[in-house]
């Protein structure tokens, strides 16, 4: 390989790497990369990642955690984890995908074959997410369709599904006494449990299939399929709408929320700092797990999306911007949620602690109840559930896309052919839909809670995050990875990122992981229903099935490799030689930088080709 310098008439000298005579480029490899596809532009990548990480948790989990854990004081542990775990691991996964141009499994296999189980574990978590996360979209679609009525069906107690215990608060506020309130239920709760879920007495009784929910689930899967069936070329176009539309809805709901009576009191409850809460280790655990949940860390999605970037894309700048965007969205969503909860508390004459909810309880009980108290309630109901649908939709189809990417990179000769991608997505969609039918039975809510509590729990994500940063910083080498990043973006990231990879992130993850185990409490539905022992066994199977991949594949790869233990260990911790190596740049002042070989660009390296921090 020879370095040649050309001096154009109207520009600076250009330095490129060209093959010497007789030296051939790997045409087959180029075709494979070309077939794999890339983002058309940076905005498609940014919006796709934003769509993945900014989801339902920003609206229904973060505001409640902030209120529950000391209001404004919660931001102290939150931002400690944000800078020491969130940004470093987020950037690590995106940079890994961009550097290797591979999905989650093959990226880790190329970096360190011994720890390829990290990628397989993320695929297991992705698979679980694809089965149960989309159920929320089915519920939201059901509520959206139910909102197109002259009167919202969860407003009154005169419907066929209501019981004699139903009490409409708005029309009978003076009829209920303190001694009898426990015997009554609200029309909102009865609509949720009796009309939507048809919930049974426990997981032992799954009951019949809720056909309306099954059809809503089918519609959700059809939308997801056609959003991604042609690869990143279609996904990149769809996210222009799906990732930005929720922000429009959020702004509209924010304006409406802060103009409601009682909104100010709700916001005060949301932000009022209680520094004494920082003494509680649970507050710190909630902050850490929220970072991992909301940043989609250890799910393989960031690696897969980063793998479609151009080699010299400034993924460092993108990662920092996306992390701040995610947290800012969570913060803004808190104003929407608590302004409306404050209004609802004032209307009912209740303390805000009695109306504050998180998770599905906020989306399908608290907020529907709030809109019944507003003028034009059907309009606000439609806007809210449309926002929920779009928040969940792009997270869902990006998650499916990442599973498809991982599969195609693992078996390129079989799957990267004409028409195979569409069939693979169809197979995944059909399988996940059929599996999801168990979650839209009358007892499906109990199964959904098991998936949500165990399959993608904070324990699983913390466990994988520890191995990710240990693999990159201690096995592959933090300095070596910094060299690779410098080769891609043109400069070395802030030293705190490397310090976090080496010490802070694994230390905090380990401490939070151990504390999570010590504070483990078995799942209870609505804090009342206790699962049978076999139900908890299913939950722990869901949790351990991902975590076991890491040690299991360490053992398998060691047993399959020949030679002494030391030789096998050295071989299995050696990166794939096909990975791009940092190259020697010729600078305009005649100096050179330390380097080893060409990077995988199609036209050669040109001075000024990289994005810079400027």
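Just so you know, glycine gets a Cβ as well, placed from its N, Cα and C.
It should be emphasised that the depicted structure is a prediction, and the values quoted were computed from it without experimental measurement.
Of the given residue ranges 538-556, 557-575, 576-594, Swiss-Prot assigns the label transmembrane segment to 538-556. Swiss-Prot assigns the feature transmembrane segment to residues 73-92, out of the candidate ranges 13-32, 73-92.
The feature transmembrane segment, as given by Swiss-Prot for the ranges 404-422, 423-441, sits at 423-441. Within the same chain, residues at least 6 positions away in sequence whose Cβ sits under 8 Å from that of residue 166 (disulfide bond) are 157, 184, 185, 186, 187, 190. Residues 114-118, 120-122, 124-125, 128, 450-451, 453-455, 457, 459-460, 463-464, 467, 523, 531 of the same chain sit 6 or more residues outside the transmembrane segment (538-556) yet have a Cβ under 8 Å from a Cβ within it.
This prediction places the mean pLDDT of the topological domain 'Cytoplasmic' (557-614) at 65. Where the transmembrane segment (291-308) meets the stretches 73-92, 211-229, 238-255, 320-341, the count of C-beta pairs under 8 angstroms peaks at 73-92. Its Cβ placed at the centre, residue 157 (disulfide bond) has 20 other Cβ atoms within 10 Å. When each of 45-65, 73-92, 374-393, 458-478 is checked for Cβ pairs under 8 Å to the transmembrane segment (117-137), 458-478 comes out on top.
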